[in-house]
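See structure below.
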Amino acid sequence: MESNEAVAAATSETELKAEEPIHNNTHQPTSDTCSTEENVLANSITYYSNAKKYWSNISPTVDGMLGGFGSISFIDIRGSEQFLKHLYKQKPAPGRKRALDCGAGIGRIAKNLLVPLYEQVDLVEQDEHFCQTARVELADCNPKLGSIFNSGLQDFAPEAGRYDIIWAQWVLGHLTDRDAVQFFIRCTKGLARGGMMVIKENFTTTNIVEVDRKDSSVTRPLAVMKQLLKQGNLRVVKEQRQTSFPKELYPVYMLALRPLIKN
Ligand SMILES: C[S@@+](CC[C@H](N)C(=O)[O-])C[C@H]1O[C@@H](n2cnc3c(N)ncnc32)[C@H](O)[C@@H]1O
């Protein structure tokens, strides 16, 4: 998230108009906005290939993952730890065996948040170079490091019943609404008994979906995300805003989710 850029997320049956200029990915509000009705993501193939190209030019570092805001990583991880801790007060509490880090980048979250808490951690990440870096970064974590899947979330299906926690952070804006919903449905099937999905994303302060054409992503209003989650058979069981982030960044919320329908 570079200081002069913004994060973005996708809308409904949307598609990107290829000829329109693109903005960035992670954290500052962008001026390029559109309503859900306008449907931003017209051509999902272009949408994904643009994002792929964008990330292939980003350095495989924490700063690269966070658009130049590497310094917030510590606060981010502490906030996530606290949030996870509260989830274990819920009944049934999730297990502590397996976690999945979605859009894992170089494994920042896997290494600092999930590996200390779970017996085994898998990663899924679309960029091959980031996957290689994650393998190096997590080399000391063996045998806790499980599989690293080099795949876009739009094409990825978690193994049924495998995960106690599925964590998706700062990546869902790279999925079209349709793919996000389908991904959520697949995740509900990938959860173990008592398992939960957690999403941690930027959200707009208005009811407008903001498009970032530089990194091919969108930032959604919280209400839009909640609609998608519902369509994806997920219900919100806990919601919390991340505190102590720089004021110029988008508000970041953590949402803990359980399947709507018992699977
Ligand atoms: C802002 S970085 C966040 C990385 C990591 N979640 C973190 O917080 O450190 C976004 C990551 O999502 C990945 N990504 C982008 N589009 C994706 C997609 N369709 N499927 C899976 N990963 C994707 C990028 O390659 C990049 O590693």
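Using the three backbone atoms N, Cα and C, a Cβ is placed for every residue, glycine included.
Features of the protein shown, as given by TrEMBL:
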type	residues	note
REGION	1-35	region 'Disordered'
COMPBIAS	23-35	compositional bias 'Polar residues'
BINDING	Gly103, Arg108, Leu153, Gln154, Gln169	S-adenosyl-L-methionine binding site
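Overlay of TrEMBL feature records on the structure.
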residue: Gly103; record: S-adenosyl-L-methionine binding site; Cβ contacts under 8 Å, 6 or more apart: Val124, Glu125, Gln126, Leu153, Ala168, Gln169, Trp170, Val171, Leu172, His174
residue: Arg108; record: S-adenosyl-L-methionine binding site; Cβ contacts under 8 Å, 6 or more apart: Val62, Met65, Ser73
residue: Gln154; record: S-adenosyl-L-methionine binding site; Cβ contacts under 8 Å, 6 or more apart: Ser44, Tyr48, Leu175, Thr176, Asp179, Gln182, Phe183
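Spanning the listed S-adenosyl-L-methionine site, residues Gly103, Arg108, Leu153, Gln154, Gln169 have a farthest Cα to Cα distance of 21 Å. Counting every protein chain shown, the number of other Cβ atoms lying within 10 Å of the Cβ of Gln169 (S-adenosyl-L-methionine binding site) is 22.
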